[in-house]
Amino acid sequence: MSSAIINGKEIGQEIRGSVAKQVEELKAKGVTPGLAVVLVGNNPASKTYVTNKQKSCEAIGMYSELITLPETISEQQLLEHIRELNERNDIHGILVQLPLPKHINEDSVIATISPDKDVDGFAPISVGKMMLGQETYLPCTPYGVMKLLEHSGIEVAGKHAVIVGRSHIVGKPMGQLLLQKDATVTYTHSKTPDLPSFTKQADILIAAVGRANFITAEHVKEGAVVIDVGINRDEDNHLCGDVDFAAVDGIASHITPVPGGVGPMTITMLLANTVQAAAKTVQP
Ligand code: GUN
């Protein structure tokens with residue numbers, strides 16, 4: 001029997017519907033949620049991501065502003081742009097698209113974003129609060145995965161979740177969010193010896209390693225929930241995930257497709273975080 005598909009497009013649309021309602025309510029109170037997206041240089045993938053983010057904002061009535069800056073901009077000049085955005089009342093969320101050019105220190109840039117506007121949840125203060133279980137903006141991709149599990153009726157408490165990948169953006173925070181919901185969490189990565197011996201234990205397997213079709217049948221336990229965070233191109237230049245879908249289909253109880261799984265959730269949670277930031281500026 002085929003695995004059940006977790007449809008991120010559908011779940012994302014449902015959540016965007018309720019975020020759109022919040023946008024209407026805020027507008028009625030005189031506040032239009034605004035997101036500033038900062039794009040440095042000409043990375044084609046980053047341009048596509050940024051365009052999608054902007055279109056999604058506009059589709060639900062939010063304001064979005066794209067700040068395109070040249071590849072050669074100095075770190076100081078970039079920091080100055082961010083400080084200006086920190087001060088603006090019409091901008092509630094700031095997102096600096098990563099990666100940045102090599103001569104710019106990403107850590108300094110991210111740390112300059114006001115924690116009140118850090119809708120990516122990447123800044124040290126946001127990460128610290130998340131670790132402590134305090135209220136903050138959660139990083140959009142792992143937050144989106146939690147919503148996928150919740151909307152699919154998948155219980156997390158007591159389950160063994162195995163994460164493959166340890167990035168700041170996905171792997172590390174993903175484990176924290178699952179831990180906070182009482183999962184037992186194991187972190188693995190590309191240098192873990194005998195990876196299948198770990199992943200085979202997973203009730204929930206999160207693939208976030210960034211390698212095309214890396215997770216195959218030998219990695220997956222019968223009945224596991226498999227969440228594929230990867231967005232890669234295979235040798236034929238087709239979009240594919242970190243999971244070899246055809247190989248794992250039928251072994252997993254549930255699986256997210258690529259595209260149409262985790263991807264749409266990342267932008268959805270960015271919209272939700274920005275609306276939350278705007279709502280905080282409204283007097284009760
Ligand atoms: N680059 C790849 N993914 C992301 C993301 O979620 N946020 C930002 N700012 N940059 C990215």
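Note: Cβ is positioned from N, Cα and C throughout, glycine not excepted.
What TrEMBL says about this protein:
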BINDING   G165, R166, S167, I231  NADP(+) binding site
DOMAIN    6-120  domain 'Tetrahydrofolate dehydrogenase/cyclohydrolase catalytic'
DOMAIN    139-280  domain 'Tetrahydrofolate dehydrogenase/cyclohydrolase NAD(P)-binding'
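Feature map: TrEMBL annotations on the structure.
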{"residue": "G165", "record": "NADP(+) binding site", "Cβ within 10 Å": "24"}
{"residue": "R166", "record": "NADP(+) binding site", "Cβ within 10 Å": "18"}
{"residue": "S167", "record": "NADP(+) binding site", "Cβ within 10 Å": "16"}
{"residue": "I231", "record": "NADP(+) binding site", "Cβ within 10 Å": "19"}
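A mean pLDDT of 97 is what the model gives for the domain 'Tetrahydrofolate dehydrogenase/cyclohydrolase catalytic' (6-120). In terms of DSSP secondary structure, the domain 'Tetrahydrofolate dehydrogenase/cyclohydrolase catalytic' (6-120) contains 60 helix, 18 strand, 37 coil.
Secondary structure of the domain 'Tetrahydrofolate dehydrogenase/cyclohydrolase NAD(P)-binding' (139-280) per DSSP (helix as H, G, I; strand as E, B; remaining residues coil): 51 helix, 26 strand, 65 coil.
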